[in-house]
Amino acid sequence: MSTSSVRFAFRRFWQSETGPKTVHFWAPTLKWGLVFAGFSDMKRPVEKISGAQNLSLLSTALIWTRWSFVIKPRNILLASVNSFLCLTAGYQLGRIANYRIRNGDSISQLCSYILSGADESKKEITTGR
């Protein structure tokens, strides 16, 4: 590849509507940090993972994945990072659901735990009720 073609490719990337001078580049680039945090949480014990946090990550990832195809210019980088965020948050929610159901929680208890993070056994210990 000649230096002129490399310069042309770099100039084209630099001046692109989704290039590094725009939020269309930096927002998805920095959002990869959330994906990497989700990957690192796969090593954490499931009891220490927040259901509410992963539900909100899943929700925003779904919304922004859809939105990245609606906005002009269409932003594939934003769609890709949010797709991976959706996968990691969904996986973590699956881990939480599997753990809670195997330990005897009903579906309603599981939903309550994911939405509020409240654990009835912890309330009894801390409040004395």
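Just so it is clear, glycine is given a Cβ too, placed from its N, Cα and C backbone atoms.
These figures come from a predicted structure and were not determined experimentally.
N54 and D105 share a topological domain name in Swiss-Prot and therefore face the same side of the membrane. Sequence-distant contacts of the transmembrane segment (55-71) (same chain, six or more residues past either end, CB-CB distance under 8 Å): 34, 38, 78-79, 82-83, 85-86, 88-90, 93, 114-115.
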